[in-house]
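These notes are about the structure you will find just below.
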């Protein structure tokens, strides 16, 4: 067994990769891992540490094949707002608009309902979803890459994360370790001031284009409630900008307007959204879908992306896609 450092000093990329290799391989005790993760959270992780830890996770994942141009849309979680599942809905909207989506996600660690919980409540068999991931991605343009199926080492970590009940570096590592190796993403993080650091970590790992976003309220997605930080990461560089829902004609709405509940509640809201229910949840999904389509290179203008997302919903394509997915994932 390895002994993790008590003081948790700042680490280089290589050092972080080595230490998180120990953690993922079960070479440290649960008590040491919990203490180590909390200490890192309290002092804030550096870009080198996030990139190195993500490299360790990537080295141990079980990959899947994905078509060229596949994207992912996910949040780090841990924002404490317990909103409805925006990125899950965005994945269906974007895929129905013609961009393949390799959605990477997990069950809730510190929230009430993660992507896997909500999809299961919608009628998807999680075991079948994993078994048919490459098939559904190739044939209907969407799959769900359940973290536990592709990151076996995370099985040892999940109980620790659930016991801690708060955000850790593992929230940050997951979106950087998509098993389909997507080169384009929308990633939401829960700390707006941390966007440049996370963008630097993503730039160290490389990407064709990734948008790192955070709502000013600490929301791990683009928010309707105010301003949003956005880092546009291309290759190994990034630039920062501010974006607002109003710039594409979407109305302001408080975070409380998209407050969620348990998996059954969130699944019901998502189904209603796909069936045409208007309101702040739909607006939040359109805003984030527009950003995902921009990052994917499918559109070059936010308003065009929003219109594409609206068409995906209003035409019934996103709802039809969910039905096909449920039928295929058996």
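Using the three backbone atoms N, Cα and C, a Cβ is placed for every residue, glycine included.
So that you can see what the record holds, here are the features copied from Swiss-Prot:
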type: BINDING; residues: 75, 78-79, 83, 85-88, 103-111, 115; note: 5-phospho-alpha-D-ribose 1-diphosphate binding site
type: BINDING; residues: 75, 106; note: anthranilate 1 binding site
type: BINDING; residues: 87, 221; note: Mg(2+) 1 binding site
type: BINDING; residues: 161; note: anthranilate 2 binding site
type: BINDING; residues: 220, 221; note: Mg(2+) 2 binding site
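Overlay of Swiss-Prot annotations on the structure.
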residue	record	DSSP (3 states)
75	5-phospho-alpha-D-ribose 1-diphosphate binding site	strand
83	5-phospho-alpha-D-ribose 1-diphosphate binding site	strand
104	5-phospho-alpha-D-ribose 1-diphosphate binding site	strand
161	anthranilate 2 binding site	helix
220	Mg(2+) 2 binding site	coil
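Between the C-alpha atoms of residue 106 (anthranilate 1 binding site) and residue 220 (Mg(2+) 2 binding site), the distance comes to 15 Å. In this structure, the binding-site residues 104, 107, 161 were compared by how many other Cβ atoms lie within 10 Å of their Cβ, and the smallest count belongs to 107. Comparing residue 75 (5-phospho-alpha-D-ribose 1-diphosphate binding site) with residue 220 (Mg(2+) 2 binding site), their Cα atoms are 5 Å apart once rounded. Between the C-alpha atoms of residue 221 (Mg(2+) 1 binding site) and the residue listed as 'anthranilate 2 binding site', the distance comes to 21 Å.
In sequence order, 75, 76, 77, 78, 79, 188, 189, 190, 214 are the residues of the chain that are 6 or more apart from residue 220 (Mg(2+) 2 binding site) and have a CB within less than 8 Å of its CB. Between the CA atoms of the residue listed as 'anthranilate 2 binding site' and residue 104 (5-phospho-alpha-D-ribose 1-diphosphate binding site) there is a gap of 18 Å. By the criterion of other Cβ atoms within 10 Å of the residue's own Cβ, the least surrounded of the binding-site residues 83, 87, 106 is 106.
Neighbour count (other Cβ atoms within 10 Å of the Cβ, all protein chains): 31 for residue 221 (Mg(2+) 1 binding site).
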